[in-house]
Ligand code: GRF
C-alpha cells in the first residue's frame, strides 16, 4: 500500500500542487490522502478539488483556544491515520501537546535558512540584513516555532535588484523541487526520524548537515 500523506494548507497551495504533481508521477510511492485547510477561501482547496483529493476545512471559531483548535485537528488526523503530515504553508502555530504527539510524522516548509529567520517576513528580513544568501528549510516540527531538526535546505544568491516579491517567487521555485523530493525520500524510508535521539538519518546515517537537492536526487537515481 502506498505511503499516505495529509497536507495542511492555508493559502495559495503552490506547494500542495507540487506534491500533487509528484504523487501523480510516482503513484506507487505516495498518495495524498487528504488536505486540511484552516481558511475556507484558500485556493489550495480548489487544487485539492481538481485533483479529487478529499479536503476538510477546520476554521478557528472566534475566541477558540489554540489547544481546542488543535484537538479538532488531532481528531481529524486520528481518523485519517496518515504516515506523514506535511505543513505546506499552514499559517498556524501548533500547541506543544499536538507537536509532541505527531513530531515524528510532522514536517514543515519554511522560507529561510533556519535557524535564521524563524517566523514571518523572512524575505524582507534577509534583504534588511544584506544577506548574500537566502533559502528554504524543511524540518521536523517541535513545540518551538520553526524549530525542530532540519532535514534539507536549498539556497539562492540574493541579487542587488531583488525585492521581497522577486525573492518570494524564486524561493517558491526552490520549494517546489525540494518539498516533493523530501516527501519521496521519507516515503521510501531513505529519510527517517529517530524519535528517541531526535536525529534525522539519511540512508541509515545521522545527517551532519541539512541535505541538499543533489543528495536527494543522487539517492533516487540509485533506486
Ligand atoms: C511557502 O513559501 C512556505 O515556505 C511558507 O508559506 C508559503 C506557502 O506557499 N510556509 P503556497 O501556499 O504553497 O503557494
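Including glycine, each Cβ sits where the backbone N, Cα and C put it.
If you check TrEMBL, you get these features:
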type	residues	note
DOMAIN	5-183	domain 'Formyl transferase N-terminal'
BINDING	13, 14, 15	N(1)-(5-phospho-beta-D-ribosyl)glycinamide binding site
BINDING	66, 91, 92, 93, 94, 108	(6R)-10-formyltetrahydrofolate binding site
ACT_SITE	110	active site, proton donor
SITE	146	site 'Raises pKa of active site His'
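The structure, with features from TrEMBL marked on it.
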residue	record	Cβ within 10 Å
13	N(1)-(5-phospho-beta-D-ribosyl)glycinamide binding site	23
14	N(1)-(5-phospho-beta-D-ribosyl)glycinamide binding site	17
15	N(1)-(5-phospho-beta-D-ribosyl)glycinamide binding site	23
66	(6R)-10-formyltetrahydrofolate binding site	15
92	(6R)-10-formyltetrahydrofolate binding site	16
93	(6R)-10-formyltetrahydrofolate binding site	13
94	(6R)-10-formyltetrahydrofolate binding site	24
108	(6R)-10-formyltetrahydrofolate binding site	23
110	active site, proton donor	24
146	site 'Raises pKa of active site His'	22
Could you give the mean pLDDT over the domain 'Formyl transferase N-terminal' (5-183), rounded to a whole number?
97
Please identify, among the recorded positions 13, 14, 15, 146, the one with the smallest Cα-Cα distance to residue 94 ((6R)-10-formyltetrahydrofolate binding site).
146
Under a threshold of 6 Å between Cβ and any atom of ligand 1, which of the binding-site residues 13, 92, 94, 108 are retained?
13
Record-listed (6R)-10-formyltetrahydrofolate binders 66, 91, 92, 93, 94, 108 have a maximum CA to CA distance, in Å, of 18
Nearest by CA distance to residue 14 (N(1)-(5-phospho-beta-D-ribosyl)glycinamide binding site): which of the recorded positions is it, out of 92, 110, 146?
110
So of all those recorded positions, 13, 15, 110, 146, which one's Cα sits nearest to residue 66 ((6R)-10-formyltetrahydrofolate binding site)?
146
Using C-alpha atoms, which one of the binding-site residues 13, 91, 93 comes nearest to the residue listed as 'active site, proton donor'?
91
What does DSSP call the residue listed as 'active site, proton donor' in the simple three-state scheme?
strand
What is the separation, in Å, between the Cα atoms of residue 92 ((6R)-10-formyltetrahydrofolate binding site) and residue 146 (site 'Raises pKa of active site His')?
11
What does the structure give for the C-alpha distance between residue 91 ((6R)-10-formyltetrahydrofolate binding site) and residue 146 (site 'Raises pKa of active site His')? Integer Å is fine.
11
All chains considered, the count of other Cβ atoms within 10 Å of the Cβ of residue 91 ((6R)-10-formyltetrahydrofolate binding site) is 13
Please report the DSSP secondary structure of residue 13 (N(1)-(5-phospho-beta-D-ribosyl)glycinamide binding site), reduced to three states.
coil
Return one of helix, strand or coil for residue 66 ((6R)-10-formyltetrahydrofolate binding site), based on DSSP.
helix
Integer Å value for the Cα distance linking residue 108 ((6R)-10-formyltetrahydrofolate binding site) with residue 146 (site 'Raises pKa of active site His') is 8
